[in-house]
Amino acid sequence: MTPGYPLALSLAVSMAVLGSALPAQARQDDPSLFNRQARGELSEYGGARRVEQDLTQALKQSLSKKKAKNVILLIGDGMGDSEITVARNYARGAGGYFKGIDALPLTGQYTHYSLHKDSGLPDYVTDSAASATAWTTGVKSYNGAIGVDIHEQPHRNLLELAKLNGKATGNVSTAELQDATPAALLAHVTARKCYGPEATSKQCPSNALENGGAGSITEQWLKTRPDVVLGGGAATFAETAKAGRYAGKTLRAQAEARGYRIVENLDELKAVRRANQKQPLIGLFAPGNMPVRWLGPTATYHGNLNQPAVSCEANPKRTADIPTLAQMTSKAIELLKDNPNGFFLQVEGASIDKQDHAANPCGQIGETVDLDEAVQKALAFAKADGETLVIVTADHAHSSQIIPPETAAPGLTQLLTTKDGAPLAISYGNSEEGSQEHTGTQLRIAAYGPQAANVTGLTDQTDLFFTIRRALNLRD
């Protein structure tokens with residue numbers, strides 16, 4: 001639901017302690033909980049309103065304190081409230097809504113920050129590695145840390161716990177799968193760029209296999225053995241192991257020797273009928289990050305004043321043989337749901353962040369739309385299944401802001417024409433040159449399904465680890 005609505009939030013907080021809801025499979029959710037489209041003409045009395053009736057009973061009936069069989073966690077990397085609003089305004093219009101991101105009935109906000117490695121003091125602007133470590137392990141750490149605390153000690157993550165409890169596990173991203181967010185479920189290294197043996201020897205020597213460590217992110221991933229991992233990052237698999245049983249072999253050859261099935265396009269992905277510990281699945285659909293959905297000009301100094309308004313265009317490099325985030329999400333659910341013990345699946349829309357860094361509004365908007373479509377797939381499964389908790393949030397906030405179209409802003413700006421036909425000016429103003437930076441504002445977190453009420457109110461990023469662990473009843 002939209003971030004400005006206090007109604008559902010206050011109801012959720014007050015009713016989280018009420019008795020059990022109807023049995024999950026028998027529950028019929030009120031459609032008004034999910035449909036947040038403006039109800040009429042925006043210029044008319046009440047036309048912009050998104051809620052027409054009292055939702056108390058509907059929200060009460062949506063609550064369940066049962067344990068979840070499955071959890072689907074969807075992360076919009078860099079998807080702060082500003083990024084959601086930018087994308088909604090452009091792609092859906094002022095009165096529109098995202099049928100996934102905006103449709104989860106229980107909403108809260110969480111704090112996120114990392115720690116300085118030497119002092120342990122708060123670092124109020126986290127990177128994606130420390131933030132992913134926070135929700136995957138329940139431990140705050142330093143920027144750059146993957147699955148380790150400020151003392152470089154590893155902590156068991158949600159995927160490892162889910163496996164230990166007999167659940168199927170999945171990890172989907174539009175980034176390189178060695179990138180920070182997916183990597184936090186796959187490995188424990190002291191620096192986030194230790195994708196393969198080469199970087200690990202230089203940047204994470206204590207983790208390198210030749211030094212007695214557990215290996216690079218990719219090498220640890222192959223040992224961790226999740227059932228389904230889909231995304232980019234094929235280039236690292238060409239590197240060669242320097243030590244251990246597979247010394248001298250490429251990481252791809254090692255994966256094949258360990259029994260993994262590797263697919264590289266949509267048709268090959270569609271052909272997969274099962275993925276489990278006997279034959280886990282790896283989908284590698286790009287050498288690095290996967291191509292973005294939409295293209296447009298990057299913002300420039302006074303671009304909103306000196307350049308014409310633009311509309312975003314489809315990226316010709318995102319060809320039909322490359323699966324979308326929604327397609328990868330659907331396939332992962334299809335394969336994981338066969339486990340009678342349930343599953344844990346993390347899905348990341350990675351390039352909201354990457355395009356925000358590049359001050360490219362069309363890039364980040366398209367990736368937000370992509371994530372919304374993935375959320376819709378997860379939500380549809382959860383509604384039909386009745387035993388699945390869906391959570392949608394972000395790892396950190398970012399730099400894009402909506403400003404008045406005529407403003408002479410000090411940063412980089414670009415003017416877009418929205419679905420409404422109105423001008424939308426986007427500003428990136430926290431870096432003089434080069435990459436725009438993360439910001440430290442609290443983030444929206446929203447949920448649907450068993451124990452969804454635990455995301456309401458103010459929580460911390462580390463609470464997400466405990467919320468999921470409790471919902472799935474994961475034991476050490």
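Here the Cβ of each residue, glycine as well, is placed from N, Cα and C on the backbone.
Keep in mind the model is a prediction, meaning the values are calculated, not measured.
Residues or ranges marked as signal peptide by Swiss-Prot: 1-26.
Taken from Swiss-Prot, the feature Mg(2+) binding site covers Asp77, Asp179, Thr181, Gln346. Asp179 (Mg(2+) binding site) falls within neither a helix nor a strand when secondary structure is assigned with DSSP, and so counts as coil.
The active site, phosphoserine intermediate annotation in Swiss-Prot covers Ser128. In three-state terms derived from DSSP, Ser128 (active site, phosphoserine intermediate) belongs to a helical segment.
Summarising the annotation, Swiss-Prot assigns phosphoserine to Ser128 (among others) and lists experimental evidence as the type of evidence. Residue environment of Ser128 (active site, phosphoserine intermediate) contains 27 other Cβ atoms, counted within 10 Å of its Cβ in all protein chains.
Residue density at Ser206 (phosphoserine): 13 other Cβ atoms are found within 10 A of its Cβ, drawing on all protein chains shown. The phosphoserine annotation in Swiss-Prot covers Ser206 (among others).
Counting only same-chain residues at least 6 apart in sequence, those with a Cβ under 8 Å from the Cβ of Asp179 (Mg(2+) binding site) are Ser128, Ser173, Arg192, Gly233, Asn289, Ala350. A Cα-Cα distance of 29 Å separates Asp77 (Mg(2+) binding site) from Ser206 (phosphoserine). In the three-state DSSP assignment, the secondary structure recorded for Asp77 (Mg(2+) binding site) is coil. Proximity of Gln346 (Mg(2+) binding site) to non-local residues of its own chain (separation of 6 or more, Cβ distance below 8 Å) is seen for Leu73, Leu74, Ile75, Leu158, Leu159, Gly170, Asn171, Val172, Thr181, Pro182, Leu185, given in sequence order.
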